[in-house]
Amino acid sequence: MALINRLDSRDPGFKTALSQLLAFEAEQDESIDQAAAGILADVRRRGDAALLEYTQRFDRLAVDDATALEIPQADWHAALDSLPAAQRQALEAAAARVRAYHERQRGETWTYTEADGTMLGQQITALDRVGLYVPGGKAAYPSSVLMNAIPAKVAGVPELIMVTPTPDGVRNPIVLAAAAIAGVDRAFAIGGAQAVGALAYGTATVPAVDKIVGPGNAYVAAAKRRVFGTVGIDMIAGPSEILVICDGKTPADWIAMDLFSQAEHDELAQSILLCPDAAFLAEVEAAIERLLPGMPRADILRVSLANRGALILVRDLEEACAIANDIAPEHLEISTEQPQRWTALIRHAGAIFMGRYSSEALGDYCAGPNHVLPTSRTARFSSPLGVYDFQKRSSLIQVSREGAQTLGRIAAELALGEGLQAHAASAQYRLDQP
């Protein structure tokens, strides 16, 4: 079996082969969905008592009172102080860059006044309270804390509540340190669907939030789907994706490692290279074969590349851009000369990395833009997480007496046409001369 699929856009069956490669349907495991539904209903009904029970069952953490599940801020700062200097400096540098970028996204209230004195506008307000889910256990995701928490605080969210499971009572110090740096307000040692339920419905200990963001396992994803509508959610993310457009002049090892950077996430991750240079594709394939055995996650890489990876020969870079728009990838690298020229042709991508030195990994951690990106072709209609996800817009309408004379007649005419007499009368009552 080949290490990675090879496709040629000139082949008659190319479109079918590409569609099969891209096909991904999130597994709607009925047992997981039903388990999540049961946990949510129980947390909604029994509150803290259910939280304590599920935390003991799933995380083997037994406490007598739900208030003991809250992690004191002093512990976060102790975790921050205990980090190796280089790690702390890296976290703080990344946080500063993420904050600087997202401050440019902050929306502002605006108004304008018409000639008759009528004022119209839009008022921007932040959400009152947001919940942030951070996976726990052996894996540490401090970057997720930064990418989710900092935009919320830049948006002006007064209260940001983090939940993170602590299996066997073991807390992840780098996650707590990131919470201290990012401006999280409260943190609780809870996880799974029960944590989502606590954030959505509230308990005596955990306050209900307006929106839940952050990644999680299948149970967390199922729970987020079910509470959507009661609260807002960010998205239900699919497997990680990278698409690279290359002119054949970037070192092959660089491109191979860029493909690895997403393929190593899990077996369903997707890594694709588009290039008009057949010899370069062969170089990249050779680099993959040479570098892969030395990778710690080689087993995952092999499955991911064999099942969902591809090296695709295209006619030219214009065609590569057209294919990229059809794929609408989460991450798109344009590793070419004059990358701005090709970026102008891209309409659908979560994040675009321009030039040979802009590796996707830099965006994951510290470039500044958010790493929470649309997957599974949803970049056709959705955007990266940002400050705007934590702000709301309210329309402002202040009609002057003079304005009411004009607008009232228009509104009444339209309302009567729709058979809504009270609407019409409401407008007509304000007319000086009906």
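Along the chain as shown, the residues are counted starting at 1.
Quick reminder: no glycine exception, Cβ is built from N, Cα and C everywhere.
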Quiz item: Gln262, His265, His423 bind Zn(2+) in Swiss-Prot, but which of Asp210, Asp326, Asp364 does that record place at the same site?
Solution: Asp364
Quiz item: Which of His331, His348 does Swiss-Prot put in the same substrate site as Ser240, Gln262, His265, Asp364, Glu418, His423?
Solution: His331
Quiz prompt | Listed binding-site residues Tyr133, Gln194, Asn217, filtered to Cα within 10 Å of Ser240 (substrate binding site) | solution = none
Practice problem: For Tyr133 (NAD(+) binding site), name the DSSP secondary structure in the helix/strand/coil scheme. | Solution: strand
Quiz prompt | Cβ within 8 Å of the mean position of the Cβ atoms of Tyr133, Gln194, Asn217: remaining residues of the chain near NAD(+) | solution = Pro135, Val163, Pro165, Gly191, Gly192, Ala193, Ala195, Val196, Gly216, Tyr219, Val220, Ala223
Exercise. Measure the Cβ-based neighbour count of Asn217 (NAD(+) binding site), defined as the other Cβ atoms within 10 Å of its Cβ.
Key: 15
Quiz prompt | Sparsest-packed of the listed binding-site residues (His265, His331, His423) - C-beta count within 10 angstroms | solution = His423
Exercise. Write down the Cα-Cα distance for Gln194 (NAD(+) binding site) and His265 (substrate binding site), rounded and given in Å.
Key: 25
